[in-house]
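Chemist: Annotations for this protein, taken from Swiss-Prot, read as follows:
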{"type": "DOMAIN", "residues": "42-79", "note": "domain 'LRRNT'"}
{"type": "DOMAIN", "residues": "160-212", "note": "domain 'LRRCT'"}
{"type": "CARBOHYD", "residues": "Asn156", "note": "N-linked glycosylation site"}
{"type": "REPEAT", "residues": "80-101", "note": "repeat 'LRR 1'"}
{"type": "REPEAT", "residues": "104-125", "note": "repeat 'LRR 2'"}
{"type": "REPEAT", "residues": "129-150", "note": "repeat 'LRR 3'"}
{"type": "SIGNAL", "residues": "1-41", "note": "signal peptide"}
{"type": "TRANSMEM", "residues": "225-245", "note": "transmembrane segment"}
Amino acid sequence: MRMTSSSFVSYCTPGLCQFMAMLPTAGHLLPLLLVIGTGGTVPSPQVPPRGCYVAKEAGERTFRCSQAGLSAVPSGIPNDTRKLYLDANQLASVPAGAFQHLPVLEELDLSHNALAHLSGAAFQGLEGTLRHLDLSANQLASVPVEAFVGLQIQVNLSANPWHCDCALQEVLRQVRLVPGTGTGIVCGSGARPDLVGQEFLLLAGEEELCGSGWGGARRSTDVALLVTMGGWLTLMVAYLVHYVWQNRDETRRSLKRAPVLPVRSEDSSILSTVV
């Protein structure tokens, strides 16, 4: 026999009806199951840090954290983010694998921070996707070449206090500069005194800084070291020669001053007998 809702009500006793009323509806059943399955806690999505927000720009997922007072790369960035803006913060370094959880990231803005250190694996996992990277207006004096190996990107390196060494020349062989930013790559106070204030691209066009795998500044240091070592070696040889000659003269003078010992009579008679 088919039981309709009206017939069910007619057969429902007060105790049974009270029990059925206490059962959760279908809309509340799923959260209840989630609570049971997660040990009593309801999982919640990661909330962006204060000052950050997610937006869709030109149909692409964008995560903006500009001027958010960040001192480290934040967590909670959606893994489908294509454009990430971390500019105008207080980031001092980028650790290894900082963005490897963002498999479709195409554009990364790290400009106007306090970046002084870049890990050689800072952009690990972005080799096939990253296209634009902004590192301008930071405190970068040198960057590891391996950080850019495999990346097909346009990069802005202007407004940093570069050492203008072999490492920078190698980086520029790995990447393409954003048009119009090359003149902003200027040698900082930590560079060789004769390079400070000069545009690096002009220097790199006139001088090979990586001859035989060594930078020009490194070669100058090596030459100075060799000259110093040569000077010390010459002084040591001169001292040894002087010491030998002085000892030889002293030996001669000692021999001349040595007294002649008299021959005893017994020795003379023995000598005569032998003869």
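A Cβ is built for glycine as well, from the same backbone N, Cα and C atoms used for every other residue.
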Chemist: Sequence-remote contacts (6 or more beyond its ends) of the repeat 'LRR 3' (129-150), Cβ cut-off under 8 Å?
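Modeler: For the repeat 'LRR 3' (129-150), the far contacts come to 87, 103-116, 118-123, 156-163, 165, 167-168, 170-171, 174-175, 178, 181, 184, 188, 190.
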Chemist: Residues with Cβ closer than 8 Å to the Cβ of Asn156 (N-linked glycosylation site), same chain and 6+ apart in sequence?
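Modeler: For Asn156 (N-linked glycosylation site), the qualifying residues are Ser111, Leu133, Asp134, Leu135, Ser136, Leu177, Val178, Thr181.
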Chemist: For the repeat 'LRR 1' (80-101), jot down how many residues DSSP puts in helix, in strand and in coil.
Modeler: 0 helix, 5 strand, 17 coil
Chemist: From the DSSP assignment alone, can you count helix, strand and coil residues within the repeat 'LRR 3' (129-150)?
Modeler: 4 helix, 3 strand, 15 coil
Chemist: What is the pLDDT of the repeat 'LRR 1' (80-101) when averaged and given as a whole number?
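Modeler: So the average pLDDT across the repeat 'LRR 1' (80-101) works out to 97.
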